């Protein structure tokens, strides 16, 4: 049988009023038979003081310590200063730019393709028997034969129109040598590893490969000849074919990478635009033509 309900003082709720008649109006009992009311208020106050776990969690989440993301025990300790940032050179670039990735990929493809096309790089290569012919083609695009040939023709020319064309051809060759030497000295890209340094009459900057001087000269001379010499169509095709094969031979001999030759063609094409814009004539350079005619 259930136990009788007891009050806050431990007495049964059903005791007679005579047992507490010694203090009928006592405040402890609420006075005047209000014992049940006191017991009801006591139960309410005890329930109100109880801790609700849900409310406790909400209050903890709203506390400033929890909002800062640190534990309450750690917040009670001494504050720690943040770690100093790493130096700029020690940081790892985890987000490389698209341009950097594209350039690295292009460089890898360039080196791989140049090595595959270097079939005449040595006598023991797959096309080593064609190497002497490629070296002869190399001489046809060298700067010294072109300079000597232009000077000889300029000295032998007896017409003003011929001298004008040859004077500008000499200007184009000197401009080509100057620009190629300047870019090679600035870029300083080494020649391919499979190249043999047995080239014809090299200078100090010829140990660098970017850009290809033979490619720039081939593009410049072919465009110059096609614009200032009246040639039949087969000869015009032969000039273009010579320029293309000369550039290809630079890769087959292992002298240059593919990008060296490609940029050389572009540079030579643009060099002729400079020469055509600064075209020398007896009208804009009379002193130069007068001095040359007196020789």
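Cβ coordinates come from backbone N, Cα and C, glycine included.
Here the candidates are 20, 36, 126, 209, and Swiss-Prot annotates 36 as phosphoserine. Under the topological domain names given by Swiss-Prot, residue 156 lies on the same membrane side as residue 250.
When the ranges 102-122, 165-185 are checked against Swiss-Prot, the one recorded as transmembrane segment is 165-185. With DSSP classes pooled into helix, strand and coil, the tally for the region 'Phosphatase sequence motif II' (211-214) is 2 helix, 0 strand, 2 coil.
In three-state terms derived from DSSP, residue 260 (site 'Stabilizes the active site histidine for nucleophilic attack') belongs to a helical segment. On the 0 to 100 pLDDT scale, the region 'Phosphatase sequence motif II' (211-214) averages 92 in the predicted structure.
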